[in-house]
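Listed features, source TrEMBL:
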TRANSMEM  6-28  transmembrane segment
TRANSMEM  35-54  transmembrane segment
TRANSMEM  89-107  transmembrane segment
DOMAIN    107-383  domain 'NADH:quinone oxidoreductase/Mrp antiporter transmembrane'
TRANSMEM  184-206  transmembrane segment
TRANSMEM  218-238  transmembrane segment
TRANSMEM  244-266  transmembrane segment
TRANSMEM  298-322  transmembrane segment
TRANSMEM  334-362  transmembrane segment
TRANSMEM  382-404  transmembrane segment
DOMAIN    394-574  domain 'NADH dehydrogenase subunit 5 C-terminal'
TRANSMEM  425-445  transmembrane segment
TRANSMEM  451-475  transmembrane segment
TRANSMEM  495-514  transmembrane segment
Amino acid sequence: MKKFSICFISFFFLFFFKMINFFLKIYFMEKNMFLFLKGEIISFISMSIVMSILLDWMSLLFMMFVLMIFSSVIYYSKSYMSSEKNLNRFIILVLLFVFSMILLIISPNMISIFLGWDGLGLVSYCLVIYYQNIKSYNAGMLTALSNRIGDVMILMVISWMMNYGSWNYIFFLNFMNNDYMMKIIGLMLIIAAMTKSAQIPFSSWLPAAMAAPTPVSALVHSSTLVTAGVYLLIRFNMMLIDMFFLKFLLLLSGLTMFMAGISANYEFDLKKIIALSTLSQLGLMMSILSMGMSDLAFFHLLTHAMFKALLFMCAGVVIHMMMDIQDIRYMGGLSFYIPLTSLCLNISNLALCGLPFLAGFYSKDLILEMVSMSNLNLMIFFLYYLSTGLTMFYTIRLLFYLMINDYNLMVVYNLYDEDYIMLKSMFMLLFMSLSVGSFLSWMIFNYPYMIYLPFNLKMMVIYVVMMGLFLGYLISNMKIYSMNKFLMTYNLSNFLCLMWFMPNLSTYGLNIYFLKMGQSLLKNIDMGWSELYSGQGMFNIIKNYSIFYNFYQMNNFKIYLFSFFFWMLIFYLLLLF
């Protein structure tokens, strides 16, 4: 029992903290107030280091959701990581992650935001390489190095904001737009958010990070770390609203959403499918944020956090049951054997699709209707709706593979659904996945949104969802070669399957130049000219001379004696002069 005490302590502490946040949020919202706290950490001669904290409805609400997911996951880890020798180390890493995330959420100051931001990246790296093998190490390096780009951008923002004499960005947001040079800050922030939230040039790290333990995936790669970039842009939204770069972000995030939706249909690794669906939803948040609707992006961020954490936790239970096999082709008929886990899995999957009156419906439907109302071009409109259809597509495919097809692993098997610790933590999130959509639509928006659209445009979401459902059913019955035939060409299939070649481009694509340069240096300098002019060269000269003298010594005594006499003569002449 002693081994698990840290789990219980962490769970109760986080849950208690979450409840305090909840009541504070209600109070702040009722009174329409926010708190800006400044406390002096150090005062030395005439220099003072001040820590500032911003508590408003947004930071309190986000913190409440983060703490709720953290407390559930820590309780879940008590069972999931029970065979782990270093459980305490794992829990402490997770708590460090909580601390970094809270620091990021409540900071109105760029320095403390950077501390939280970097803390997230560092602890995330430690958690991804938690299972120590070469695959985890590669994934961890890809994650850490992709995120370093964002860290450097935040550092540059800090140095650029020196112009204003303070790092409390919250005071400058209204007049930053007018300052032409401060557009650079906007660009750097957008790049930082794109690295953390895995938008298109930097997408490959998110599926790779699935090498981490499943509680980490539920925590880090669904609801907290990846949404840090979105949260940062929501905070800076006033400044970014008129920028050209934001339109560029709209295109990239729309493409991310589309690319992740297609790749998820080709993937057979359970956790990678869920990671790609996270990537798709992140694209949705980023794109609606780029259109200037930051409250909608925040709404979707919170609803998505709930059902996606639940989905990862269900996947963890399934992987446990299947003796750590993640390939969905081995699974099937799970609803007969683990009904409660299947219930959670299906409800979270349907919430992801936007089934009416579950969590995802309120935010997704609102976002798509606002897109239909906006005056953007047809390409963005199609990207939104196709991605929504693709979400249904890969969800139904996953559901067929897991729940309806036959079990394919062994002849004799024993799947059970009696791990009550895991189930309790999952039911807590299940309740939230069912109710959080309506709860948040009352909490975030002061007035109800009523959107009037033509009938077909209003029903467009239903049309694409139905189409996705039908195609998902067809694809789940197809074998992989039929899929390639269906797409007419193997190369296109390969392109779509490998995330548009992004993992290769972001690893080998960047490495190849340095490796080639290293190879040519080794070949031409180390093993070429430097050998010729140092070790090997001297050896060859001495060897050739000794062969030459040896030839004379052995073969022609007269010439040898003459050369000896000649050498002595030269030596004598040198001595004379």
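Glycine residues also receive a Cβ, built from the backbone N, Cα and C atoms like all the rest.
Keep in mind that TrEMBL annotations are predicted by a computer and have not been checked by a curator.
Confidence in the domain 'NADH dehydrogenase subunit 5 C-terminal' (394-574), given as mean pLDDT, stands at 82. Count of Cβ pairs under 8 Å against the transmembrane segment (244-266): among 298-322, 334-362, 495-514, the largest is for 495-514. Counting Cβ pairs under 8 Å to the transmembrane segment (451-475), the stretch among 35-54, 184-206, 382-404, 425-445 with the most such contacts is 382-404. Same-chain residues lying 6+ beyond the ends of the transmembrane segment (89-107) with a Cβ under 8 Å from its Cβ atoms: 6-7, 10, 14, 52-55, 59, 62-63, 66-67, 70, 73-74, 77, 81, 113, 115-117, 119-120, 123-124, 126-127, 130, 213, 215-216, 219-220, 224-225, 228, 231-232. The transmembrane segment (298-322) shares the most Cβ pairs under 8 Å with 218-238, out of the stretches 6-28, 35-54, 218-238. Within the same chain, residues 58, 62, 65-66, 69-70, 73, 76, 94, 97, 101, 104-105, 113, 117, 120, 124, 127, 150, 169, 173-174, 176-177, 186, 189-190, 192-198, 206, 209-210, 212, 274-275, 278, 282, 285-286, 289, 292, 294, 297-298, 301, 304-306, 308-313, 316 sit at least 6 positions outside the transmembrane segment (218-238) and bring their C-beta atoms closer than 8 Å to a C-beta of that stretch.
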